[in-house]
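Sequence annotations record features per position, and here TrEMBL assigns region 'Disordered' to 1-26. The annotation substrate binding site is assigned in TrEMBL to 78, 152, 177, 207, 211. Residues or ranges marked as domain 'S-adenosyl-L-homocysteine hydrolase NAD binding' by TrEMBL: 212-373. Marked as NAD(+) binding site by TrEMBL: 243, 244, 245, 246, 247, 248, 264, 367.
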């Protein structure tokens, strides 16, 4: 993903290193603090493609709407996330951060954040034990307790519930941005166990359409090209799931000349796939013939050992969903199968008869493990997730500043007005000019001239 991330020959675990930044602080754990200068350059490049966050930072930092906020975060640690974190800092928040994926951290960016004073605990290629250790180091610190959670996948929220449930007495709210994490929050709410308000950023339109759909439409090809150097034309591909991520993947592969099949459980999404020109199948019907299998359902055991056994030689298997539960990778770690590392994030799994499949990122999130994602798109996501200014505030500011009683212990969607505001901040980049309603037109439609222009349920 970045030239400095995998270049280190140092095999020493960051947990065993004694590192300090230039200010003498050691409240971080990254691969190599000396990479900070490279990371700073990447953050500066990202800032150019994140107009909304930069505008909000400039506009709001005098007011400090997050003064007193102590935000603990668990997201992908990339240059774009760094812009988000530094914006939160500029608005008055104190932040501690861990990674939500063991492969997606850019080491040099983590180093740059640590150098500028952010307690960051993350490096590319963490073990499962490292992953939870990093989250714990963010949360369990003497003299500091979070009052806001920013989560991507729900692991941080889960860890606090499991280990430090008393912390929720001071936490004002949770902001969650993934399908998986939101699903977990709704489960907690249904069971009566959600003890603070939560903002579902994932189902805001600017997240669903821009990050899940358009971002994946670009990054699926990038991830596959970087790992396998494959040609897409004429390849047979099955995409499991036709939600926003699946739609993006299918559109990109179809445009490259691939023959695309779709599996789906939801009849509405299934009908959309049919109307978009894709063949709707069960996985068993095509598993012997396809060249690529891509999962993006948010479910578990979508691709089982039985499917893996029936795949043809050199079939590429990967996951575009948040969690590593969709492909049953654990079933492949058996004595009769041989694992062969081909390159970073690419493994051959070889059967006794010589058949092999190509497994990418060990079944973890392909685009952030094996490539980068378009910075401009992530700007929209990060803005939706982190700050909104003017008359409507966004998730963190809104939850943090909300008077007691406004939000109950439930999961809330972002107001449509906030979605529209986030989108409008990005239009100047395209030199795009919005049409304004006349008073007569606004009255005819029954709308305020300044929005919101659609009801909250509109998708």
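Any Cβ shown, glycine's included, is placed from N, Cα and C.
Every protein chain considered, the tally of other Cβ atoms within 10 Å of the Cβ of residue 246 (NAD(+) binding site) stands at 29.
Cα-Cα distances to residue 244 (NAD(+) binding site) place 211 within 10 Å, out of the binding-site residues 78, 152, 177, 211. With respect to their backbone Cα atoms, residue 245 (NAD(+) binding site) and residue 177 (substrate binding site) stand 14 Å from each other. Counted within 10 Å of its Cβ, the other Cβ atoms near residue 247 (NAD(+) binding site) come to 25, all protein chains included.
The distance from the Cα of residue 264 (NAD(+) binding site) to the Cα of residue 207 (substrate binding site) comes to 22 Å. Spanning the residues 243, 244, 245, 246, 247, 248, 264, 367 that the record associates with binding NAD(+), the maximal Cα-Cα distance equals 21 Å. Taking the binding-site residues 243, 248 in turn, the residue surrounded by the fewest other Cβ atoms inside 10 Å of its Cβ turns out to be 243.
In this structure the alpha carbons, written CA, of residue 78 (substrate binding site) and residue 243 (NAD(+) binding site) are 25 Å apart. Separation of the C-alpha atoms of residue 367 (NAD(+) binding site) and residue 152 (substrate binding site): 15 Å, rounded to the nearest whole number. Cα of residue 243 (NAD(+) binding site) to Cα of residue 177 (substrate binding site): a distance of 16 Å. Reported as a whole number, the C-alpha separation between residue 211 (substrate binding site) and residue 247 (NAD(+) binding site) equals 12 Å.
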